[in-house]
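Beneath this line is the structure, given in structure tokens, with notes to follow.
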Amino acid sequence: MGRGGGRGGRGARTQRRHFRQNRENVWKRSRSDPSSETDKNDDNNNNNNSGNDNNNGSKSTWEPFATQNPSFDEFYKEQGIVSPEEWDSFIGVLRTPLPAAFRINSSSQFYKDIRDQLENDFMISLQAEASQIDGGETEAIRPLPWYPENLAWHSNFSRMQLRKNQNLERFHEFLKMENEIGNITRQEAVSMVPPLFLGVSPDHFVLDMCAAPGSKTFQLLEIVYHSCKSGSLPNGLVIANDLDVQRCNLLIHQTKRMCTANLIVTNHEAQHFPGCRLNRRHNSDAFGTALEDSFISQLQFDRVLCDVPCSGDGTLRKAPDIWRKCLFAYWAGEIWNAGMGNGLHCLQVLIAMRGNFDENLEVNFLNL
Ligand SMILES: C[S@@+](CC[C@H](N)C(=O)[O-])C[C@H]1O[C@@H](n2cnc3c(N)ncnc32)[C@H](O)[C@@H]1O
């Protein structure tokens, strides 16, 4: 089975050429692209801090988004979640645009080359540009220190800067191309954490219950492949489920870059996920007829990731138009509420051990 992220061989070279000619992708998505819905909804998509274009068909003037809302303040202060002393820093963070983050696909045979290029080329060449922006106080790009092997990166350039700044063009092109062929995936830093906690091995059966648009599914598959012996394919399986069929479509689009046979995508309510049967020791003759020693058993998952829906306050950092929308609601007499895209970002990671699943055991709630 061919693997994603390949850059060697004629097929891979053709693939890269093809993608160079068809650049449109998640790093540079037109507003008319229906799949740009991800930008609004996904926890893995990054900041859209592009301000308000004037709404008269022209984009001649630009105004930054207002990032205040009395309704929001009122609602939050009443919850008593944030102490009065911490209020200013809390609101200050929510007003700061979310920086971009991306991961190198560790199962790509060229992941070391890509990491070298980031470490030895872009880290240095982009610094001059960062100096222009903020006097060089922050690093242009840097590896996330808690992610293994320098495979996850943080960039201080906003999406807008990447698109518009000529001096960043080479870096932007690099990101776009490597993203298209599956060597790099844009993903928020917090979203990278749960798959790291799961301790997935190449022979694990993993259920990703609320998986779309698939950034964590992709990361899980990478981990399954990366920890597999070189030259062999993993025996494990990732089942990526989502309730929303359109988002399942996005998930398929996202994960097909991996070119893996170890993924099944399903479209069920996670709470009613059907029992699955597994032909564990499938032994068939040349015509596909099962032979005697195969047996069918109930599939039990080694790991279950349940990334339940939430909007998270952090969404304000990547979709600053929410401030304004909720201001309209406030003027209309509504108070900020959970349905407006607020609420604690509660990410539940359930770890279930195969054959030894105790629902009270091994459940971690990560409030990110
Ligand atoms: C936070 S997003 C998941 C993000 C995803 N894990 C990722 O990393 O790209 C939550 C997802 O849960 C899905 N969802 C909501 N209710 C669900 C249910 N009852 N069963 C399965 N999926 C559900 C939503 O369609 C949404 O795609």
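Placement of Cβ uses the backbone N, Cα and C atoms for every residue, glycine included.
Residues near Gly214 (S-adenosyl-L-methionine binding site) in space but far in sequence (CB under 8 A, at least 6 apart, same chain), listed by position: Ala240, Leu250, Leu251, Ile252, Gln254, Thr255. Marked as S-adenosyl-L-methionine binding site by TrEMBL: Cys210, Ala211, Ala212, Pro213, Gly214, Ser215, Lys216, Asp242, Asp307.
What TrEMBL lists as compositional bias 'Gly residues' is 1-11.
The compositional bias 'Basic and acidic residues' annotation in TrEMBL covers 21-43.
Per TrEMBL, the feature compositional bias 'Low complexity' maps to 44-59.
What TrEMBL lists as domain 'SAM-dependent MTase RsmB/NOP-type' is 90-368.
According to TrEMBL, the region 'Disordered' annotation covers 1-67.
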Overall pLDDT of the domain 'SAM-dependent MTase RsmB/NOP-type' (90-368), taken as the mean: 80
Mapped DSSP class for Ala212 (S-adenosyl-L-methionine binding site), helix or strand or coil: coil
Among Cys210, Ala211, Ala212, Pro213, Gly214, Ser215, Lys216, Asp242, Asp307, the record's S-adenosyl-L-methionine binders - longest CA distance, Å: 13
Of Cys210, Ala212 (the binding-site residues), the residue whose Cβ has the fewest other Cβ atoms within 10 Å: Cys210
Reduced DSSP assignment, Asp307 (S-adenosyl-L-methionine binding site): coil
